[in-house]
Amino acid sequence: MRWSFPIGRLLGSELRIHGTFFLLLIWIGGAAFMAGGPNAAIYNIVYVLALFACVVAHEYGHALMARRFGIRTPDITLLPIGGLARLERMPEKPGREILVALAGPAVNVVIFAVLWLIVGVSPEPPLSDGLSFASLPAQIATLNLILALFNMIPAFPMDGGRVLRAFLSFFMKRVTATRVAALTGQAVAVLGGAYGLWTGQFILVLIAVFIFMGARAESSDVQLRASIEGRTARDAMIEDYVVLRPGDGPEVALQSLTGAAQSVGVVKDFATGKVVGVVTRDALRENPGAERVADIMSRKVAGVPVTAPLGKVLQAVGRDRIVLAVTPQGDVAGVVTPESAGAVIQGAQGR
Ligand SMILES: [Zn+2]
């Protein structure tokens with residue numbers, strides 16, 4: 001994610017902080033300072049830091065449970081609106097998805113229980129007038145209770161939405177379950193938003209909009225996955241790709257690419273029979289002064305097996321833009337570009 005930077009590794013995941021998080025701290029500290037002086041500023045900053053520590057603990061709940069099922073979490077990013085644990089993938093078995101989704105709120109319940117039962121605090125309404133360090137543990141206890149309850153709202157992108165989807169997919173197909181869960185979430189969002197408008201609590205309206213959009217994103221993501229299921233690199237590749245030689249002049253290369261089905265040429269060393277690079281029509285146009293294709297081409301060539309599932313191919317295309325589909329014998333069967341992959345997705349969704 002842009003504008004976020006790492007602050008260290010913890011329990012196998014990189015912990016990152018989004019730059020705007022500091023803006024939030026400065027803003028909250030500044031506002032509190034203006035209203036109540038330096039003590040209020042420190043109290044508020046400590047409060048926000050404690051809140052985000054609890055959010056991080058929540059995300060680690062997801063990450064550590066996912067690890068039990070062999071799923072890594074490369075990084076956890078702290079945003080001003082909350083935490084984001086980027087799991088390699090979501091477990092598709094409903095039982096496991098429920099456990100991973102519940103593990104986050106469970107951490108907040110545990111923090112709450114510890115503060116309540118062991119430290120002996122009684123929960124207080126959030127940010128009541130009693131701004132003091134003495135009331136901080138009670139405030140944090142309340143905060144964790146709110147975090148747990150808020151995340152269990154049965155709507156994407158909240159954890160409760162995942163629990164609902166996983167529960168439904170015991171009885172129906174995952175795509176259908178996702179659609180039902182998304183619709184439920186949108187209904188909750190509309191009701192919550194209307195209530196917020198009615199009572200003038202605009203933060204509720206904002207959260208409702210956020211949930212409404214999240215539900216739609218999750219639904220279309222799962223639909224996309226379902227629509228490309230069973231498809232492979234073979235479906236997305238262009239077979240009549242243009243072959244160039246490293247020593248070709250850019251003009252000759254450009255000529256053979258003009259009017260070709262695609263804008264990418266595969267550069268092959270005919271002496272060894274090996275692919276040594278790829279070059280795009282745009283790169284050729286932008287470097288009219290170059291002498292040979294070899295000077296312009298990109299030497300980093302990514303390859304996937306022709307039988308690779310389309311989901312994997314899309315990831316590779318997202319990373320490297322141009323990907324070669326390679327046969328088991330090592331021959332280039334075709335070239336996959338963002339355009340050729342996009343056409344397959346459009347075709348699949350059009351049906
Ligand atoms: Zn969560």
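Positions of Cβ are set from backbone N, Cα and C atoms, glycine also.
All annotation found in TrEMBL is predicted automatically rather than curated by experts.
Annotated transmembrane segment per TrEMBL: 15-35 (among others), in sequence order.
As annotated by TrEMBL, transmembrane segment applies to 41-60 (among others).
Here TrEMBL flags 47-124 (among others) as domain 'Peptidase M50'.
Per TrEMBL, the feature transmembrane segment maps to 98-119 (among others).
Positions annotated as transmembrane segment by TrEMBL: 131-150 (among others).
Mean pLDDT for the domain 'Peptidase M50' (138-185) in the predicted structure: 86. Residues annotated as domain 'Peptidase M50' in TrEMBL: 138-185 (among others).
Under 8 Å from some Cβ of the transmembrane segment (195-215) lie the Cβ atoms of residues 81, 153, 155-158, 161, 181-183, 185-186, 188-189, all in the same chain and six or more residues away from its ends. For 195-215 (among others), the entry in TrEMBL reads transmembrane segment.
DSSP states for the domain 'CBS' (293-338), grouped as helix (H, G, I), strand (E, B) and coil, give 16 helix, 15 strand, 15 coil. According to TrEMBL, the feature domain 'CBS' maps to 293-338.
Remote same-chain residues near the transmembrane segment (41-60) are listed as 10-11, 13, 15, 21, 24-25, 28-33, 76, 78, 82-85, 104-105, 107-108, 111, 127, 131-133, 136, 139-140, 143-144, 147, 151 (criterion: CB distance under 8 Å, separation of at least six residues from the stretch ends).
Secondary structure of the domain 'Peptidase M50' (47-124) per DSSP, as helix, strand and coil residue counts: 47 helix, 10 strand, 21 coil.
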